[in-house]
Amino acid sequence: MEAVIKAFLTGYPGKTSKKDSKEKPLATSKKDPEKTPLLPTRVNYILIIGVLVLCEVTGVRADVHLLEQPGNLWITWANRTGQTDFCLSTQSATSPFQTCLIGIPSPISEGDFKGYVSDTNCSTVGTDRLVLSASITGGPDNSTTLTYRKVSCLLLKLNVSMWDEPPELQLLGSQSLPNVTNITQVSGVAGGCVYFAPRATGLFLGWSKQGLSRFLLRHPFTSTSNSTEPFTVVTADRHNLFMGSEYCGAYGYRFWEIYNCSQTRNTYRCGDVGGTGLPETWCRGKGGIWVNQSKEINETEPFSFTANCTGSNLGNVSGCCGEPITILPLGAWIDSTQGSFTKPKALPPAIFLICGDRAWQGIPSRPVGGPCYLGKLTMLAPNHTDILKILANSSRTGIRRKRSVSHLDDTCSDEVQLWGPTARIFASILAPGVAAAQALREIERLACWSVKQANLTTSLLGDLLDDVTSIRHAVLQNRAAIDFLLLAHGHGCEDVAGMCCFNLSDHSESIQKKFQLMKKHVNKIGVDSDPIGSWLRGIFGGIGEWAVHLLKGLLLGLVVILLLLVCLPCLLQFVSSSIRKMINSSINYHTEYRKMQGGAV
């Protein structure tokens with residue numbers, strides 16, 4: 001650590017050995033700017049003092065112009081990229097700002113490039129036939145404009161140059177383009193892959209980044225130059241994961257193309273395709289269907305049609321080949337030696353050149369490789385704002401209403417006083433109702449105590465979690481700044497112990513889940529203030545409050561009627577027996593009275 005501090009103070013960010021630092025003084029080099037001292041040397045001090053003295057003597061005074069400090073790094077990131085969320089990765093010490101973003105294809109319109117291109121007229125870029133080539137007559141003309149034509153047109157018209165090369169962003173990956181599985185509904189991003197190469201040739205298809213770099217170093221763009229012109233390889237680092245139909249999309253139907261072939265000895269030439277063997281063998285070797293010039297093409301997918309495989313000057317070995325699934329686009333190669341690509345060009349905000357696991361907010365000078373498409377960047381998982389938007393836009397139908405349970409407030413009594421064994425025994429024997437009431441009261445107070453205790457605990461944990469989160473953010477920002485400064489001054493992983501390995505445990509997600517679980521668990525304790533209404537809501541689902549009150553009234557009336565039906569026979573029997581007793585007693589009274597009168601006579 002002392003050697004690093006010493007090297008930093010002496011102004012030499014380069015790597016020096018201990019032996020050289022002890023034996024020889026460190027010398028500066030005028031040719032290498034990285035060896036220039038960061039702090040003034042003794043000679044520079046003398047020159048500065050002399051200039052100050054001269055200015056004081058002559059009376060010449062100059063205003064001090066303070067350099068404008070750069071803005072916040074993260075705000076600059078958001079303004080330049082249009083991203084409000086991002087994260088850093090420490091997988092590579094040489095790339096401390098590797099992002100955790102992924103690329104997604106996005107529909108491109110000419111209006112998005114207004115102010116960045118010479119003109120936005122890309123309406124005459126041509127079309128792509130998806131069923132038959134134009135050389136086959138009599139068939140359907142099912143044409144559409146794939147996205148790569150519009151992308152190529154706009155990229156060739158970029159006219160806003162950048163001062164420096166656009167910074168490269170290392171992505172976790174990018175989304176593949178969709179396949180064409182429905183010929184009547186082609187996606188707005190289908191066939192959006194483009195490739196960059198000198199003279200717009202398909203020579204570098206499937207090449208790795210390293211292989212392409214080595215080839216271009218040995219073979220310059222211009223054969224007249226003895227040195228290689230500057231170029232930027234835009235092929236993905238993991239190119240084997242971002243190539244072919246798995247990345248650029250595929251055409252799910254057969255494409256019929258005429259093979260007008262000529263024979264020269266044992267070789268055949270069919271347009272741009274040539275080689276030994278019959279063209280029919282080439283077609284069937286790729287899984288296609290061969291139809292010679294004497295037959296008709298009968299196809300049922302994507303719809304039924306019949307076409308004649310005829311043409312002018314067809315040789316004996318000519319015919320039509322129904323090729324299997326074709327990679328899209330068919331030939332989107334852009335010549336990167338044109339004038340518009342000699343300097344880096346700017347792209348509109350929030351639009352990126354995405355090439356697999358690499359992205360640029362602009363077009364580098366003389367790009368070579370691919371495949372690439374224009375799109376946007378997003379987080380691998382939705383952030384909190386996206387989740388809230390999804391919940392706000394989601395359908396609210398079919399939600400089951402909760403019971404009318406009110407939470408315990410802060411004014412409830414939490415004084416728990418339990419009875420002893422003697423009181424419980426006498427109360428349960430002599431007054432069971434009093435014992436039950438006492439038990440219910442103590443249960444309510446225990447619930448109140450539990451709620452208050454849980455609220456205090458969650459509040460305390462919430463404050464601690466906020467403090468830990470703020471400390472974590474500060475530590476990560478400071479560590480990222482320190483690593484960036486050390487790497488910028490040439491210090492690698494071996495200079496500072498633990499520089500490339502920084503383990504800061506992150507249990508915030510687990511803590512947040514448990515914290516939310518505690519809050520939900522507290523809400524499980526409540527008082528059911530309307531048991532009948534809760535029962536009705538549970539039976540009939542999400543009914544309104546007016547329906548609940550109506551059902552409660554009907555239920556009350558039904559209960560009254562049932563009580564009357566049950567009690568009315570008993571009441572009538574009691575009344576009739578009472579009347580009968582009264583009548584019998586009256587009759588008995590009159591009988592006794594008559595007997596008494598008869599005896600008196």
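Note that the numbers count up from 1, one per residue, in the order the chain is shown.
Using N, Cα and C of the backbone, Cβ positions are placed for all residues, glycine too.
Your range for region 'Binding to host receptor', going by Swiss-Prot and the list 4-29, 264-289, is 264-289. From the options 381-411, 505-535, the stretch Swiss-Prot describes as coiled coil is 505-535. According to Swiss-Prot, the feature coiled coil maps to residues 437-487, out of the candidate ranges 437-487, 539-589.
Looking at 54-97, 186-229, the stretch flagged in Swiss-Prot as region 'Binding to host receptor' turns out to be 186-229.
In the three-state DSSP reading, Cys261 (disulfide bond) counts as strand. The highest number of surrounding Cβ atoms within 10 Å, among the recorded positions Cys122, Cys248, Cys372, Cys570, is found at Cys372.
Taking the C-alpha positions, the distance from Cys153 (disulfide bond) to Asn121 (N-linked glycosylation site) comes to 9 Å. Geometry remark: Asn298 (N-linked glycosylation site) versus Asn308 (N-linked glycosylation site), CA distance 9 Å. Look at Cys448 (disulfide bond): DSSP puts it in a helix. Within 10 Å of Asn260 (N-linked glycosylation site), counting CA to CA, the recorded positions Asn182, Cys270, Asn308, Cys372, Cys448, Cys567 contribute Cys270.
Taking DSSP states H, G and I as helix and E and B as strand, the region 'Immunosuppression' (476-492) has 13 helix, 0 strand, 4 coil.
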